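S.K.: Please read through the structure below; I'll follow up with questions.
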Amino acid sequence: MIGRLFGNLSQKVPSLLYRVSLVMKPQVVFVLGGPGAGKGTQCSKIVESYGYTHLSAGDLLREERAREESEFGQLIANYIKEGKIVPVEITINLLRKAMEATMKKNENKFRFLIDGFPRNEDNLQGWNSVMDGKADVKFVLFFDCSNEVCINRCLERGKSSGRTDDNRESLEKRIQTYLQSTRPIIDLYEKQGKVHTIDASRSVDEVFADVKAILDKEG
Ligand code: ADP
Ligand code: AMP
């Protein structure tokens, strides 16, 4: 089923994204860091001051999980609870649709913060095969902080978030997934000179001051 989806997807993407990219090719900033590093918090602040649209892979997957007609709802629920990375065919399809819908509504909205993606080799390969030449990855914002800070922030968030994965058991797994699967992707971009590393253990405003300096410089 997933194979079929991916097949259909690669046929559709050239036509749809090609059409919107005639207007302006999507400019993408990947936003990475451990669970609770503050990616979502900083993305919201960036959106307030810069012309970016924030797309969170986690949020899109949670929305899809909640959609009644979704054929992937249960699968996504299981992966999220286990802190595992959902198959790329699902995630990239959600991202692509969200990008297209944004640009269709307003052709000037071609700058995207893609938060929580690419999270592993599979994500990266999926992106390269589906989006290569159709979107430009400008750079990566890497919010860096210790596992302990990440866990404490998520446990605090868990008091009100209602998230099924903001508990100690899921968090241990999410941290392992982050260290084993996502860090190597950040290292890979680092070797290409594309990573801006930000010390995310400081206050929200201190972190944002660094973010602003980077965005102002990158243009
Ligand atoms: P992520 O998107 O990386 O999972 P969030 O932005 O949701 O992380 O932040 C996780 C939790 O930590 C939230 O409850 C948020 O309010 C809090 N938080 C985010 N940034 C900071 C910070 N710099 N200092 C303290 N708490 C923070
Ligand atoms: P987040 O909201 O970024 O903390 O992500 C919550 C969960 O959603 C993760 O632990 C994964 O199960 C899933 N998820 C988020 N981003 C991705 C992605 N890029 N690929 C696959 N699964 C993802």
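The backbone N, Cα and C atoms fix where each Cβ goes, and this holds for glycine too.
Okay, these came from TrEMBL:
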{"type": "BINDING", "residues": "Gly36, Ala37, Gly38, Lys39, Gly40, Thr41, Arg157, Arg202", "note": "ATP binding site"}
{"type": "REGION", "residues": "56-86", "note": "region 'NMPbind'"}
{"type": "BINDING", "residues": "Arg62, Lys84, Ile85, Val86, Gly116, Phe117, Pro118, Arg119, Arg163, Arg174", "note": "ribonucleoside 5'-phosphate binding site"}
{"type": "BINDING", "residues": "Asn123", "note": "CMP binding site"}
{"type": "REGION", "residues": "156-166", "note": "region 'LID'"}
S.K.: For the region 'NMPbind' (56-86), could you work out the same-chain residues 6 or more beyond its ends whose Cβ comes under 8 Å from its Cβ atoms?
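M.R.: Distal contacts: 1, 35, 39-40, 43, 94-95, 98, 114-117, 119-120, 122-123, 164-165, 170-174, 176-177, 181.
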S.K.: From Ala37, Lys39, Arg62, Ile85, Pro118, Asn123, which binding-site residues have a C-beta atom under 6 Å away from some atom of ligand 1?
M.R.: Ala37, Lys39
S.K.: So which binding-site residues out of Gly38, Ile85, Gly116, Asn123, Arg157 are up against ligand 2, CB under 6 A?
M.R.: Ile85, Gly116, Asn123
S.K.: Please give the greatest C-alpha separation between any two of the ribonucleoside 5'-phosphate-binding residues Arg62, Lys84, Ile85, Val86, Gly116, Phe117, Pro118, Arg119, Arg163, Arg174, in angstrom, as a whole number.
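M.R.: Across Arg62, Lys84, Ile85, Val86, Gly116, Phe117, Pro118, Arg119, Arg163, Arg174, the widest Cα separation comes out at 21 Å.
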S.K.: Among the binding-site residues Gly40, Asn123, Arg157, Arg202, whose Cα is within 10 A of the Cα of Arg163 (ribonucleoside 5'-phosphate binding site)?
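M.R.: The binding-site residues passing the 10 Å Cα test are Arg157.
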S.K.: Find the shortest Cα-Cα separation between Arg202 (ATP binding site) and the binding-site residues Arg62, Gly116, Asn123, and name the residue that gives it.
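M.R.: Result for Arg202 (ATP binding site): the nearest of the binding-site residues is Gly116.
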S.K.: Could you give the Cα-Cα distance between Asn123 (CMP binding site) and Gly116 (ribonucleoside 5'-phosphate binding site), in whole Å?
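M.R.: Cα of Asn123 (CMP binding site) to Cα of Gly116 (ribonucleoside 5'-phosphate binding site) measures 10 Å after rounding.
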S.K.: Write down the Cα-Cα distance for Lys39 (ATP binding site) and Pro118 (ribonucleoside 5'-phosphate binding site), rounded and given in Å.
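M.R.: The separation of the Cα atoms works out to 14 Å.
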